[in-house]
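Residues or ranges marked as Zn(2+) binding site by TrEMBL: CYS88, HIS91, CYS159. What TrEMBL records for 17-194 is domain 'GTP cyclohydrolase I'.
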Amino acid sequence: MREDAFKLTNEEKIDIIKDDVQHILETLGLDLTDDSLKGTPNRVAKMFVKELFGGLNPDRKPSASTFENKYQYGEMLVEKNITVYSTCEHHLLPIVGKAHVAYISNGTVVGLSKMNRIVDYYAKRPQVQERLTIQIVKELQDVLNTKDVACVIDAKHLCVNSRGIRDTESSTITSEFGGKFKDKETKREFLDYIKMDTSF
Ligand SMILES: Nc1nc2c(ncn2[C@@H]2O[C@H](COP(=O)(O)OP(=O)(O)OP(=O)(O)O)[C@@H](O)[C@H]2O)c(=O)[nH]1
Ligand SMILES: [Zn+2]
């Protein structure tokens with residue numbers, strides 16, 4: 001690991017990575033004076049730092065506004081079909097899928113969009129799906145001050161679909177069930193909600 005990585009500004013990171021990408025492309029025999037290619041090292045570096053791996057920057061962590069559960073809603077809340085765009089840390093290829101997140105309030109509720117934002121924040125790193133699933137649950141457990149949080153992710157890994165074994169059909173399901181979600185009936189209810197057709 002590069003010891004000073006956390007001290008570098010985004011611009012400094014982009015400058016360093018730009019040269020690395022240029023080196024890769026030149027080694028592959030590409031002509032970087034070509035109009036279409038000359039901006040690529042900078043484009044890729046910017047995309048890595050600010051977009052695909054932006055979730056490595058703790059300043060980008062969403063502040064999840066919470067509210068008191070004034071309306072005494074006591075059932076589970078499910079935010080389903082959250083779009084996941086992540087990057088596999090083994091091949092740096094996309095992971096594309098859906099996350100489904102649920103919690104049972106312990107007196108605190110969180111703004112709906114904050115769940116989508118938390119998923120996106122942890123997805124924007126080189127990831128393995130197992131870790132991503134656990135990080136989402138842990139973060140929501142902290143924010144909501146309860147163990148009663150669950151997450152299921154169903155995603156396609158392009159490193160499996162588009163290269164290597166090239167199985168275009170397979171996808172990967174991971175889950176993490178905290179607190180009451182370990183209970184068979186609560187888990188079943190959550191999984192049934194995920195299966196419900198949302199066609200409106
Ligand atoms: N557990 C886990 N494995 C992953 C994930 N994303 C990618 N992988 C796997 O990471 C493994 C890396 O294995 P290696 O044998 O080092 O890589 P490889 O030679 O490119 O292997 P193939 O993909 O089988 O061609 C592969 O089996 C990938 O399918 C993930 O999120 N979780
Ligand atoms: Zn991979």
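Every residue number used here counts from 1 along the chain in the order it is shown.
Note: Cβ is positioned from N, Cα and C throughout, glycine not excepted.
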Average pLDDT across the domain 'GTP cyclohydrolase I' (17-194), rounded to a whole number: 97
Additional residues surrounding Zn(2+), by Cβ distance to the CYS88, HIS91, CYS159 centre under 8 Å: THR87, GLU89, HIS90, LEU92, LEU93, ILE95, HIS157, LEU158, VAL160, ARG163
Neighbourhood of CYS88 (Zn(2+) binding site) by C-beta distance under 8 A, where only residues 6 or more apart in the same chain count: PRO94, ILE95, PRO126, GLN127, VAL128, HIS157, LEU158, CYS159
Residues satisfying Cβ distance under 8 Å from HIS91 (Zn(2+) binding site), sequence separation of at least 6: LEU158, CYS159, ARG163
Number of other Cβ atoms within 10 Å of the Cβ of CYS159 (Zn(2+) binding site) across all protein chains: 17
